[in-house]
Amino acid sequence: MERQKSIMERQKSMESGLLRKSLSIRERKHPNEDGYLETGLSSKRHKEVKKHHNEDGECCVTTSVCLITFIVVTGSFCVGCGTGYSSVAQHGIVSDLSLSVAEYSMFGSIMTLGGLIGAVFSGKISDVLGRKRTMFLCEAFCATGWLCIALAKDALWLDCGRFLLGIGVGIFSYVIPVYIAEIAPKHVRGSFVFANQLMQNFGLSLFFIIGNFISWRFLSIVGMVPCVLHVVCLFFIPESPRWLAKFGRDKECRASLQQLRGHDVDISQEANSIKDTMDFSQQSGETGFVELFQRRYVFPLIIGVGLMLLQQLSGSAGVIYYASSLYERGGFPSAIGTSVMATIMVPKAMIGTIIVDKMGRRTLLMSFGILPELTPLFTFISVLIFPMNVKVSAGTLVTVTNWACGWIITFTFNILMQWNASGTFLIFSSVSAVSIVFIYFIVPETKGRSLEEIQTLLSNSVH
């Protein structure tokens, strides 16, 4: 009891400090402590670095953090390629390998099943290996999956390749938004995370367009190219500073922050804030899956799981995975239809990237409705609202929810369309309407808040 009382007192102290955006405990008590505050800069130099911050004290966006984010979201480009493949390759694969509708439905949906498996272990893998090495692992699954599809002689090889691709994509869906959220300055964090979706739409659009002109085997080889490029580029990015701090690698944490914020920027305050949060998380201990359902985690759990459920039950995944067959069913040329979709997706994602930090995440979700383009934003919100000691369990749960519902929708989509096309889309539109109400009344705005501040405010809401 005394230990719990001590932890609660420390949490209240941290919450007060975070909400006032004041200096961290170490910075106030030990202004010259070598382990955390010594930056190697003179007091004169310290005054000079202020120009690298905005008027409100926020660190400026550096070329380094922009380039690193671009490298990371190359993985999202790979995700987009995998998502768009089943639509444009359907006619060629069915003709060449003589697959039935049920067999191709399995091929199209088994990527979401692989994504479910990847999502189950995504949080733990990312926590053990680190964000950077986890992305290496994702690309190994993706590249192997594309190779199996390219060499496939029957449905079994196709399904195996698509399943492996799904595992990589499932882990990507967790680690990329988390990594970006952990490295981006808070005043532009939403736009940086939405860049994840922008690159995914680029990959999706590319495959929707070129898939009309090249064979399905060659298209799968094209899918391997960004995987290889991403692996090479990953060698040049730093590990997440928050992950490093969690495992007590303080010098590496500071070096990572310095690379992200610029060599002339004083990172002491941010480094101390991260260190304080991680220290508290370590004292609280890692929370298991069963303990995740405690009263203090109910509100963020409802938000995270609710967003994922509503997004997938809107039927968005089925539309993307089987776009070509939908156009053919409607008597419209599928090549033209998918090309038009590809043309619209990229500008739409670009608009979201620009306005997300101006409008706020909550307003954007209600304005756009429940769309597959917002999956990374949902993952981002669902993961960052949980404290560090439950982030692995909570992040795993919300991503598993996303992929499990996605598999159900993609597997049953063709069956539902044969049952009643109008009724199917009426159900999906009703779910989208419910989602707007859910977002309006339940989902909080995270615009302009640090990860620590968001977690603190949500924990206060249940007391």
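Glycine too: its Cβ is placed from the backbone N, Cα and C atoms.
Straight from TrEMBL, the features:
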- 68-463: domain 'Major facilitator superfamily (MFS) profile' (DOMAIN)
- 60-85: transmembrane segment (TRANSMEM)
- 105-123: transmembrane segment (TRANSMEM)
- 135-157: transmembrane segment (TRANSMEM)
- 163-180: transmembrane segment (TRANSMEM)
- 192-210: transmembrane segment (TRANSMEM)
- 216-237: transmembrane segment (TRANSMEM)
- 297-323: transmembrane segment (TRANSMEM)
- 335-356: transmembrane segment (TRANSMEM)
- 363-386: transmembrane segment (TRANSMEM)
- 392-413: transmembrane segment (TRANSMEM)
- 425-443: transmembrane segment (TRANSMEM)
Message: Quick test of the contact rule: Cβ under 8 Å, at least six residues beyond the ends. What residues does that give for the transmembrane segment (105-123)?
response: 82-83, 86, 90, 93, 99, 134, 138, 141, 155, 158-159, 162-175, 317, 321-322, 391-396, 399-400, 402-404, 406-407, 410-411, 413-415
Statement: Counting Cβ pairs closer than 8 Å to the transmembrane segment (60-85), the top stretch among 135-157, 163-180, 216-237, 297-323 is 216-237
Statement: Long-range Cβ contacts under 8 Å made by the transmembrane segment (135-157), restricted to residues 6 or more beyond its ends, are 72, 75, 78, 82, 85, 97, 99, 103, 106-107, 118, 125, 129, 163-169, 171-172, 175-176, 179, 217-218, 220-221, 223-224, 227-228, 230-231, 234
Message: I'm checking region-level scores; what's the whole-number mean pLDDT for the domain 'Major facilitator superfamily (MFS) profile' (68-463)?
response: 80
Query: For the transmembrane segment (163-180), which stretch among 216-237, 297-323, 392-413 has the most Cβ pairs under 8 A?
result: 392-413
